[in-house]
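Novice: Could you have a look at this structure, given as structure tokens, before my questions?
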Amino acid sequence: MMALVRDRRAHYVMSIVIRWVHCFSSSLRGTFGTRWEAMKAKATELRVCCARRKREAREFKPPQMRGSTRLNISDDLKIGFFSTDHATQTDSSEILSVKELSSSTQKLAQMMKSLQVDFGFLKQLLQLKFEDRLKEESLSLFTILHDRILEIEKHYQQNEDKMRKSFNQQLADAIAVIKGMYQQFFEVEEENVSLQDASTVKTNILLRKLKEKEEVIKELKEELDQYKDFGFHKMESFAKETSSPKSNLEKENLEYKVENERLLQIISELEEEIQINLKENSGLEDELISMKEMAEKDHKTIQKLMDSRDRLREELHYEKSLVQDVINKQKEDKEMRKKYGSLSVKVARSAKGREASLSPWPKSPPSTTALRPHSATMSVSSAGAQKAKMPKKALKEDQAVVEDKHGLESQIEALKANLENEKKKVERFRKEADRLNKSWEKRFFILRNSFHVLKNEMFTRHTLFRQFAVLADTSFNYIKVKPLLVQSRTTMTAISSSSHCTSSIDGKHVDVVSDQAALQLSPKGKLSESPKEESLEEPSMRQSSPAETVD
């Protein structure tokens, strides 16, 4: 009975082990392939052995014991009073199976230990991989945050630079306004300083500073050398003199050390100032490069404006020539009309002469006209047929005069219609020329104002850059300014100022008048010009409104 229980337990344990091995075979097949195969083979062998032992035990049992489930060792030993006491002994045939079961359990325990070790290694490997992945993710997050912080700092610095520049610009504007208000009532005589760029002034100032600092450094180095030489000589003299006390030597040595430290500190400060000046020089060089680029851009814009002005002048000359051609055509049309008028007058006079020449006398000569060929033939026929009867001749002449009159009236009506058409054409050409003149006057006015605005902007920009360069590093050691001489403008001679003002005003007036005259006399001819250009000119006129206030 005990053997059967043990066999069942062994079978149950083996089934659990095999099931567990089947569950983890998919995950551990790559790393523990050979060990898994060995363990599986051993498990199958144990299973086969257990089945064979059971079968042999059943076959070799005596017939009297085949029906009972209890073993026969404890049947003869009458120890207890109950039936449960009979199954406490082990049969001799069961000893071998117990040994095999114990050996198999030991092997299974060893395998479990090895599996525990392997699982420990796997756990450590997964933990290390997780830590590496965590470090990578944290590093990526740190880099992203660091880049974002750098971008924010850069944006903040840019905003700070913009604010600083705007404040400097406002300060320069306020100073310029105060200077202009001050110069309205007083005349200030200052030292004539050569007009240089702001960058050159700054570089000269910094070079002067560098030279001064270098001279100071040289002087301090010379003093240091002198102190060192003097100290060494003194030490030698003190060593020779045995009567000199040691306390004085120590005091002087301390004083020299303090002086040396002070000089070294001054030298370090001067070196720091030199580095700062070098940085300022580099910044000024960058500003100089940017100013040069801005000047090149301004020069390019001015060149473009000059090219556009030349192109507009060429178009203006072309329009002038076209309008002159139109005027010449109009003059030719007028001459043709005059010729037609004189012709009509001559025809009327000839008609009147014919009517006067017609009379009731038979021997009156026939009237001839130069315009109608059939009248000449009639006169020739009438001259050839003088012997005809008088009533027939009179009737024929009356018919010819009536026909001539009708032809002349039709010609006069056609000429009048042509005259009306020509008048309408001339009026239309005149209106078109006026419209084109006005549009071109507007264009030239806008172009001139924009050109003046660009010139004023360049001038103000350069003046403000100079003011900024002077105000950026204000110091009393840079430029020695003379005392200002303030004079009231009322004490100045009125002749020079009046002459200067009148000459400048006359010059401006003459320029404006000449421009207006040129614009009025310059007729424009592009009759087929589209109205899109006028619509494009309107925003430019709106933009040029502040330029008019500036002028």
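Using N, Cα and C of the backbone, Cβ positions are placed for all residues, glycine too.
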Novice: Out of 55-89, 405-439, which range is noted as coiled coil by Swiss-Prot?
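Specialist: Based on what Swiss-Prot states, coiled coil spans 405-439.
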Novice: Out of 210-245, 318-353, 354-389, let me know the one Swiss-Prot marks region 'Disordered'.
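Specialist: Region 'Disordered', as annotated by Swiss-Prot, spans 354-389.
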Novice: Restricting attention to the coiled coil (203-315), give the mean pLDDT.
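Specialist: Result for the coiled coil (203-315): average pLDDT 79.
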